[in-house]
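Read through the structure below, which is laid out as C-alpha cells, and then see the notes.
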Amino acid sequence: MQETQIPITQIDETPKAVEPSVWKNLFTQGVWTNNSTLVQLLGLCPLLAVSNNVTNALGLGLATLLVLTITNTIISLFRKVIPHDIRIPIYVMIIATAVTTIQLLMNAFAFPVYQSLGIFVPLIVTNCIVIGRAEAFASKNSVAHSAFDGFAMGLGMTLSLVVLGAIREIIGNGTLFDGLDLLLGSWAKALRMDLLHLDSGLLLAILPPGAFIGLGLILAVKNIIDRKK
C-alpha cells in the first residue's frame, strides 16, 4: 500500500504573511468599506446636530474616536472574565467611564467647544457605534486588533463629521476652520480661511435640514466612487 505525500507548499502559511492584510482590512473597513456613518448610518443624531462647522465636528469626532479606542481595548482585555449574561450593562459602565473622562478633559482644556457640543458629549454613552463595536468585535478579538478597530471606526466617523462640517461651514458662513483655535490652541488661528465673501451665507446650510442635504450628497458621492471600483 503506497503512502500519499502532501506537498509542502499546501501548508506553507505563516501568521506573519497574513498579519499585514488583517491590519489593512481593519483600517479600510473602519474608514471606508464599513464606515459607521456613511454605510451603517449609525450615530446620526450627534452627526447632524453638531456638524455645522469643522471645529464642533472635529471635537465630537475626536471624543468618539478616543472613547471607541479606550472601550474596545478595555473590553477586549477583560473579555474572558466578563460574565456573558450581564455583559451589556458592564459594557455600558465601561463606556460611561471613558466618556466621563473625555468629558472632564474637554471641560478643562477645550471649554468653549465643550459648551458648544453640550449634551452630545455625554450622549456618546448611548451611541450605537460604541456599543456595537464592543459587542461585535472587541468581545471576540485580541486587544491589539480591538484597539485598532476602535481607532479605525472612530477615524471613519471623524472624517465623515469633518467633511460634512466643512461643507456646511463654507456654504453657511463662507469660512473654513473658524474657531479651530478653541480646540487645538492659539496656533490654529492661522488655519482660518475666508473662502466665500458674502454679505450673508446660506442659512439653510447650518440648520438641521442642511445637515440632511449635506449627508445625502456625501452618501451619493461615496456610492458613485464605490460603483466605479
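Keep in mind that glycine also has a Cβ here, set from the backbone N, Cα and C atoms.
Under the heading transmembrane segment, Swiss-Prot lists 58-78 (among others), citing sequence analysis as support. With a cut-off of 8 Å between Cβ atoms, the residues of this chain six or more beyond the transmembrane segment (58-78) that come close are 43, 46, 50-51, 91, 94-95, 98-99, 101-103, 106, 110, 113-114, 116-117, 120-121, 124, 127, 129-130, 133-134, 137-139, 141-143, 145-147, 149-151, 153-155, 157-159, 161-162, 165, 180, 183.
The transmembrane segment annotation in Swiss-Prot covers 82-102 (among others) and rests on sequence analysis.
Outside the transmembrane segment (105-125), and at least 6 residues removed from its termini, the chain residues within Cβ reach (under 8 Å) are 45-46, 49-50, 55-56, 59-60, 63-64, 67, 92, 95-96, 99, 179, 182-183. If you look up Swiss-Prot, you'll see 105-125 (among others) marked as transmembrane segment, on the strength of sequence analysis.
Residues or ranges marked as transmembrane segment in Swiss-Prot: 147-167 (among others).
The feature transmembrane segment is assigned by Swiss-Prot to 201-221 (among others). Within the chain carrying the transmembrane segment (201-221), a Cβ under 8 angstroms from the stretch's Cβ atoms is held by residues 38, 44, 47-49, 51-53, 160, 163-164, 167-169, 171-174, all 6 or more beyond its ends.
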